[in-house]
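Visitor: Quick one: the structure is below, questions incoming.
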Amino acid sequence: MPKLLGSFISFKAPNYFVQSAQDAIAIDATALMVFLGPPHSAYRVPFNKMQFSLGYELLKTKNINSNGLVVHAPYIINCASKDPLKQQNAISVLTNEIQLCNLAGAHYLVLHPGSAVAQTTNEALDNLVKVLNQVINKTKTTVICLETMAGKGNEIGRDLTELKYVIDRIVDKDRIGVCLDTCHFHDSGIDFSDLTGVFNTITTKLGFEFLKVIHLNESKNNCGSKKDRHANINAGMIGFENLMKFISHPQIKDLPIILETPSTSLNYPTIYREEISQIRSWFKTYQPDAN
């Protein structure tokens, strides 16, 4: 049974983390992921308005602590940009985000690696390395988790070898890791019907020691589509059984496992409670020795 299982959770005015905590409790989560502000903006309210202390008091009643908190960095920064001004902006935004993570007690910050705009993939990867080393040097504790990407357009991070290239060049290895998104992994061409192959890919191209967070998502598209279109659990092309067996792996089941499946204003957060219940029900009957 996954120890840290939850979903994307809303974080917004007026109650911020208090409302996030209430939503997490309502869906019976043991983990949660939030953006500390609008996902497509670097704007953040002062930390003292985010109500983390009160939120943690609520979470404590359900034995949830900061080990289950994951923060997602804003989408607007491209840490792989060749533009010096955009690099400096990325450093500034990411540094501020990690400082907020430190105050919030968040161990992991998920980051999209960026795009190779008007440059080669290797040049973009080198720019990402440069930015990350500077940010890590300015900050402490929180681990930056590079998210695996589906391969749309100029995205970097569509292959674990690219992310390992970056990790190998980060000075402080304790501050860098990977967030594996199952929809992105599938859409990039990894076939979850061959779990032995999936685990071998992780072992040979990355190493399980760098796997820190799982985004548990279904996909609306075929393997290798490079589309990045999430589907709800048990309603996609990867297969519920394949996803469950994937997260049952001994080196995965204890990581924060976060659902980012589709929700609307009409079914949030109830849809996540239903999916978490489905996952736990599967684990209650799973017999690994029989498979």
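The first residue you see is number 1, and the count goes up from there.
Using the three backbone atoms N, Cα and C, a Cβ is placed for every residue, glycine included.
Sharing the feature lines straight out of Swiss-Prot:
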BINDING   HIS72, HIS112, GLU147  Zn(2+) 1 binding site
BINDING   GLU147, ASP181, HIS215, GLU260  Zn(2+) 2 binding site
BINDING   HIS184, ASP228, HIS230  Zn(2+) 3 binding site
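Thinking about packing and proximity, how do these listed features fit into the structure?
Guide: HIS72 (Zn(2+) 1 binding site) falls within a strand segment according to DSSP.
Its Cβ placed at the centre, GLU260 (Zn(2+) 2 binding site) has 18 other Cβ atoms within 10 Å.
A C-beta separation below 8 Å, combined with a sequence spacing of at least six in one chain, links HIS230 (Zn(2+) 3 binding site) to CYS183, ASN217, GLU218, SER219, LYS220, GLU260, THR261, PRO262.
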Visitor: Quick one: which residues besides HIS184, ASP228, HIS230 have a Cβ within 8 Å of the Zn(2+) 3 site's Cβ centroid, in sequence order?
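Guide: After dropping the recorded site residues, what remains is ALA150, ASP181, CYS183, ASP187, ASN217, SER219, LYS227, ARG229.
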Visitor: Measure from the CA atom of GLU147 (Zn(2+) 1 binding site) to the CA atom of HIS215 (Zn(2+) 2 binding site) and give the result in Å, rounded to a whole number.
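Guide: The separation of the Cα atoms works out to 9 Å.
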Visitor: Determine which residues of the same chain, besides HIS72, HIS112, GLU147, have their CB within 8 A of the center of the CB atoms at the recorded Zn(2+) 1 site, and list them by sequence.
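Guide: Neighbours within 8 Å of the Cβ centroid, excluding HIS72, HIS112, GLU147: ALA73, TYR75, VAL110, LEU111, CYS145, LEU146, CYS179.
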Visitor: Binding-site residues HIS72, HIS112, GLU147: which have a Cα within 10 Å of ASP181 (Zn(2+) 2 binding site)?
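Guide: Candidates kept after distance check: GLU147.
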